[in-house]
Amino acid sequence: MTASETLPFNFTRLPDLPDGIFTAPLQRPARVGEDWLEPVQRTYTAEEHAIWDKLYARQMDVLPGRACSAFLKGLERLDLGRGGVPDFARLSDGLGALTGWSVVPVPMLIPDHVFFWHLANRRFPAGNFIRTRETFDYIQEPDVFHDVFGHVPMLTDPTYADYMQEYGRAGWKAMRHNRLKSLGALYWYTVEFGLVIEDGAPRVYGAGILSGPREAVFALEGQSPNRIMLNVDRVMRTDYVIDDLQPTYFVIESFEDLYHQTVERDFDRLYRGLGPGFTYANTAVIDVDDVLQRGTLEYHLRGGRGSGAAPV
Ligand SMILES: [Fe+2]
């Protein structure tokens, strides 16, 4: 064990990255500093506000009864349906009073260690731009609609808000072990594509599902995907796709369950036991899984996105 593993991290400032730690070579725009925060939130045009409203209306056609209650309550408490792209200062006031989080504008995807640092300090970095009508259905880079509509309402839930902060804290440790892919899989299968049991049935809390047009119905009602109870060690060994509907969703019993599964796991030990690559394919069901539904995988077997296969 090296000294870096035993010393607690100081989250008041950005770390000096030790040599040998890989980070994506992102080009920092001149207007942003080391924290990658935009000096001000962008002023959106009437057309851009209208795009937000249209996206909002489309999601609200499918989410009631499918999104978890923490999300729907969060939308209301933050008044996200008042019309137009939300003002981050106003949003941060509301969120700050509830759980101490704020929303800060960033120009694009930001380096991992900076992203973790903001989360560890209860700041959620949100894209300072919105998709166009041409990219209305799908964009790979997270925009303000994905980030604010998908992620921010969940931060009104105190336990979930604590989980997100813990995730940020866990990030620097993962970097030191060069296990960012594994920690990324945990983020993917919880924060982006997670399901939670409510009133005996799965509901959506993952932002990638909540902010997309087709996935809420597919994830909850589709016959294709597997739905498996979350086990942190298993998920961190599981590959994932970023540009299609998921073949497998992981389900938690509650946000308390998620929080405890992660903070009580000794990640130093976990990382030492992990291989450099993923062990399980994203379609796999393994014998230790607590399976809610074993999917047919029909959508993916027919070729998935681009093949014209129906998301059944
Ligand atoms: Fe996201």
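Just so you know, glycine gets a Cβ as well, placed from its N, Cα and C.
In TrEMBL this protein carries:
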DOMAIN    1-312  domain 'Biopterin-dependent aromatic amino acid hydroxylase family profile'
BINDING   His146, His151, Glu192  Fe cation binding site
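Under DSSP, His151 (Fe cation binding site) is assigned to a helix (H, G or I) in the three-state scheme. Of all Cβ atoms in the protein chains displayed, 22 besides its own lie within 10 Å of the Cβ of His146 (Fe cation binding site).
Per-residue confidence over the domain 'Biopterin-dependent aromatic amino acid hydroxylase family profile' (1-312) averages out at a pLDDT of 92. Sequence-distant contacts of Glu192 (Fe cation binding site), defined by Cβ-Cβ distance under 8 angstroms and a gap of at least six in the same chain, are Gly206, Ala207, Gly208, Ile209.
Mapped onto three states, the DSSP output places Glu192 (Fe cation binding site) in helix. Residues within less than 8 Å, Cβ to Cβ, of His151 (Fe cation binding site) and separated from it by at least 6 positions along the same chain comprise Phe124, Ala126, Val191, Ala207.
Other residues of the chain with a Cβ within 8 Å of the Cβ centroid of His146, His151, Glu192, the Fe cation site, are Pro142, Asp147, Gly150, Val191, Gly206, Ala207, Gly208, Leu210, Ser211. DSSP classifies His146 (Fe cation binding site) as helix under the three-state reduction.
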